[in-house]
Amino acid sequence: YIYVCLSASFSAHQSRVIMILFVLEMEWVLSTGQDKHFTWHCSESGQRLGGYRTSAGACGLQFDVETRHVFVGDHSGQVTILKLEQESCSLVTTFKGHTGGVTALCWDPIHRVLFSGSSDHSIIMWDIGGRKGTAIELQGHNDKVQSLSYAHHTRQLISCGADGGIVVWNMDVERQETPEWLDSDSCQKCDQPFFWNFKQMWDSKKIGLRQHHCRKCGKAVCGKCSSKRSSIPLMGFEFEVRVCDSCHESITDEERAPTATFHDSKHNIVHVHFDATRGWLLTSGTDKVIKLWDMTPVVS
């Protein structure tokens, strides 16, 4: 028999605890809960050192030991960055790029990059390390992203989702930000009015068209001028997306080369643990099954 004893008990939340981190270097216990609170305690004394109320229930938590910054992702889609001191914290900034709630966070302390996965099926790479707020989107799942892991030695991101997909992203490439979608009352290619542009429809005696956007240039275009589809891996679009006809002609076969590999786990993944030393990936799913994967053929 192996006997264990209770060392400390932390009264941290008024509702279910969602995530917890133990920071050995600081002897801190960080936690988030459904009560919309982030708290941290001294692991030796059990004393509560401080807390912060988030905009929604938090479901992502990461910590940078060097700078004492904590990253909290919540159900509103927002990521909050806090600076922790011994008994106080201060808000550094907040940023939001997801249309759904944040479901997972992963921090790369070497390149100072934060990855956030979301229920909107996307992943965003936030460059915290000095590129003036660069945010790179990664689109490779057909359902919400459930968990993220990072292989620092090979610069590969592993994402797992409710679609059963395990995606291994090569982050050692020069990726591009997706452009902002431009606003226009008419197609920026053929000048046909969109359906809300009553004046131009009346003047030109033309029926208004539905508005679309090219994922490569961001221009507002009609369906006729964006009839093609293409993958744009360096922009994070591993699946084919709508592009305008002129952008479709400019994309080369080399630019369409995938930057990620896709694997089917055959279960709805809810949690992941990656052992970088062995190259093993542990997944658990809603089917109550735990699977162990040898990732060395793709993460090496």
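Here the Cβ of each residue, glycine as well, is placed from N, Cα and C on the backbone.
Copied over from TrEMBL, here are the features:
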- 181-252: domain 'FYVE-type' (DOMAIN)
- 95-128: repeat 'WD' (REPEAT)
- 138-179: repeat 'WD' (REPEAT)
- 262-295: repeat 'WD' (REPEAT)
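Same-chain residues lying 6 or more positions outside the repeat 'WD' (95-128) and placing a CB less than 8 Å from one of its CB atoms are 56, 59-66, 71, 73-79, 81, 134-150, 152, 155, 157, 159, 161, 169, 171, 175, 236. Mapped onto DSSP helix, strand and coil, the repeat 'WD' (138-179) counts 0 helix, 21 strand, 21 coil. Within its own chain, the repeat 'WD' (262-295) is flanked in space by residues 140, 146-153, 158, 160-168, 238, which lie at least six positions past its ends and keep a Cβ under 8 Å from the stretch. Mean per-residue pLDDT, taken over the repeat 'WD' (95-128), amounts to 93. Mapped onto DSSP helix, strand and coil, the repeat 'WD' (95-128) counts 0 helix, 21 strand, 13 coil.
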